[in-house]
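J.: Attaching a single structure in structure tokens format; questions to follow.
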Amino acid sequence: MDRIRITGGNQLNGIIPISGAKNAALPLMIASLLTSDTLTLENVPHLADVEQLIRILGNHGVDIAVNGRRESQGEGYSRTVHFTCRTIVDTTAPYELVSKMRASFWVIGPLLARDGKARVSLPGGCAIGTRPVDLFIEGLEALGATMEIDSGYINATAPSGGLIGATYTFPKVSVGATHVMLMAASLARGTTVIHNAAREPEVVDLAQCLTAMGAKIEGAGTSTITIEGVTSLSGARHRVLPDRIETGTYAMAVAMTGGDVLLEGTRASLLENALDTLKLAGATITETETGLRVVRNGNGIHPVDVVTEPFPGFPTDLQAQFMALMTRAQGVSHITETIFENRFMHVQELARLGAKISLSGQMARIEGVSRLKGAPVMATDLRASVSLVIAGLVAEGETVVSRVYHLDRGFERLEEKLNRCGAQVERVSD
Ligand code: EPZ
């Protein structure tokens, strides 16, 4: 199994191209199930999660053709991918596939809306928390679906004339359930109003793509979204928005090591809260015509308290990375995780590098230390793994991060991007 070996101590200087967003690409790909025409997505990142979803969609009858790549970036960078689902050949999403990637559960929305039925495995828990699906069930029931749980599967059935528009208020903000309601309501009869919808940029991206496919959606990006159902959707061409979590991750890496890096092809509006937090921590961030320039020269890292929240708050997907940064702050900071109940697996691993962190319920107290020292570490999820890479960039000596497959789920060419800016990061195969 591959590992990543980091030799710490180098500043980052140069240009890092930001890829298309994993968490936008996944629901956009799933939206291809809604039409018999071709949906073409540009800027699809080359990631293990994307490849896994390609396999899952293939199982439902989606033909996939990959071509094109950005000039001068070589093989493997974000691509243009064509998805065509002439007919849905199978409305079952089996446990073996859904359990590997939670987002594949979201196929339930399009399958139900287009074919009137879906049998989708319950995803089960995962490393960062229990992650139930009650909001999906309630939301689709509000559209008239019958939802039955049977042997670990949800059997969903639409009324004979198809899903029916309705008003539904989410009791809690959920990105995935908002995606599913958007897709399902686009093909429902009548108007659907969703209150307390997720406002994440990835929801807006999906709404824009659905609109290009002929859906009638208003209010995406606010808490109330109105969808007027249409009888069918057509193909479209859509560009996946830049990855705000990748953006924030590299911005934190630069804040950690010091240096001057242009994060190319991204924009500040995707992550204002995280950028403001980084500025308080001592980074200088400016938006340029081509991206975001992140600089930290000379000054130390200041402690800053953060609380994770749904967008536009500080993202849970940057919590681990920010904690890594705070391990080197000049003082004490607190990080409160409010989205997932078990998203602190990186704490014990950061401690192996010399970090001083104590946990009390959902809050971590981080006492900055003047040095970290390299060690072998491992993590059980994507963002936790990359937090260890960030810590490794400044740790003395060698840090070896195992279970690299977590990183490959969400970071396109991580080693290459960091090394081009002066880091010493190497993939080691056993
Ligand atoms: C999305 O997950 C992202 N995944 C996650 O990124 C991200 O951490 C999360 O949103 C929050 O921003 C993708 O976009 C593929 P939620 P999602 O439904 O949609 C609870 C990463 O590292 N909940 O917004 O699954 C849930 O347990 C991943 O890229 C219910 O209680 O998250 C959580 O506490 C990890 N019932 C909260 O809502 C439900 O039916 C928010 O989860 C659904 C969710």
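Including glycine, each Cβ sits where the backbone N, Cα and C put it.
Grabbed the feature section from TrEMBL, which reads as follows:
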type     : residues                                                                                       : note
ACT_SITE : Cys126                                                                                         : active site, proton donor
BINDING  : Lys22, Asn23                                                                                   : phosphoenolpyruvate binding site
BINDING  : Arg102, Arg131, Pro132, Val133, Asp134, Leu135, Lys172, Val173, Ser174, Val175, Asp317, Ile339 : UDP-N-acetyl-alpha-D-glucosamine binding site
DOMAIN   : 7-418                                                                                          : domain 'Enolpyruvate transferase'
MOD_RES  : Cys126                                                                                         : 2-(S-cysteinyl)pyruvic acid O-phosphothioketal
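Tell me about the setting of these features in this model.
T.: In sequence order, Pro45, Leu47, Asp49, Val50, Asp243, Ile245, Arg409, Gly410 are the residues near Lys22 (phosphoenolpyruvate binding site), counting only same-chain partners six or more apart with C-beta under 8 A.
Within 10 Å of the C-beta atom of Pro132 (UDP-N-acetyl-alpha-D-glucosamine binding site) sit 12 other C-beta atoms, taking all shown protein chains into account.
Averaged over the domain 'Enolpyruvate transferase' (7-418), the predicted model has a pLDDT of 95.
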J.: Quiz question: given the binding-site residues Asp134, Asp317, which has the greatest number of C-beta atoms lying within 10 angstroms of its own C-beta?
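T.: The residue with the densest Cβ neighbourhood is Asp317.
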J.: Between all pairs in Arg102, Arg131, Pro132, Val133, Asp134, Leu135, Lys172, Val173, Ser174, Val175, Asp317, Ile339 (listed as UDP-N-acetyl-alpha-D-glucosamine binders), what's the biggest Cα distance, rounded to the nearest Å?
T.: 22
J.: Measuring Cα to Cα, how far is Asn23 (phosphoenolpyruvate binding site) from Ser174 (UDP-N-acetyl-alpha-D-glucosamine binding site) in Å?
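T.: Their Cα atoms are separated by 13 Å.
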J.: For a quick check of understanding: among the binding-site residues Arg102, Lys172, which residue's Cβ has the most other Cβ atoms within 10 Å?
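T.: That would be Arg102, with the highest Cβ count within 10 Å.
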